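K.L.:
Feature annotation from Swiss-Prot assigns compositional bias 'Low complexity' to 1-13. Taken from Swiss-Prot, the feature disulfide bond applies to Cys49-Cys52. What Swiss-Prot lists as domain 'Glutaredoxin' is 29-129. What Swiss-Prot records for 1-25 is region 'Disordered'. Residues annotated as transit peptide in Swiss-Prot, with sequence analysis given as evidence: 1-27.
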Amino acid sequence: MGMAQSSSSSSRPSDSEQLEEPSKPVMALDKAKEIVASSPVVVFSKTYCPFCARVKRLLAELAASYKAVELDVESDGSELQSALADWTGQRTVPCVFIKGKHIGGCDDTMAMHKGGNLVPLLTEAGAIATPSL
């Protein structure tokens, strides 16, 4: 019986270690979700990424307001990118959100625009001002 107690007590420290381990990813996920909730349009991006530049250029051409989070500049950018991958299943940038909903990357955003669905979604999100009549 003494052995059973020692084996169960030895498993406890590993349990507590496992509980402490995910704190950084959980914090990054919470931060990513806060960022997404803070703005109608959020683009997780990298400053040197041509696909990110293309999406940001499109949003600028559409006069859409958006928040860009440059993961290569953020001190916790790599943790944020991992958290986004866990959350959305998308590891690459740009990672676009509109009204809190994951839209996808560059190809997804461009396809949505080409299909005529992006502007209405941006307008509904309040990112594009509707002209007064």
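Glycine is treated like the rest: Cβ placed from N, Cα and C.
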K.L.:
Given the disulfide-bonded residues Cys49, Cys52, which one is most crowded in terms of C-beta atoms within 10 angstroms?
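P.N.:
Compared across Cys49, Cys52, the most Cβ atoms within 10 Å surround Cys52.
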K.L.:
Quick one: what's DSSP say for Cys49 (disulfide bond), helix, strand or coil?
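P.N.:
Coil, per DSSP.
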K.L.:
Take the domain 'Glutaredoxin' (29-129) and average the pLDDT across it for me.
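P.N.:
Taking every residue in the domain 'Glutaredoxin' (29-129) and averaging pLDDT yields 97.
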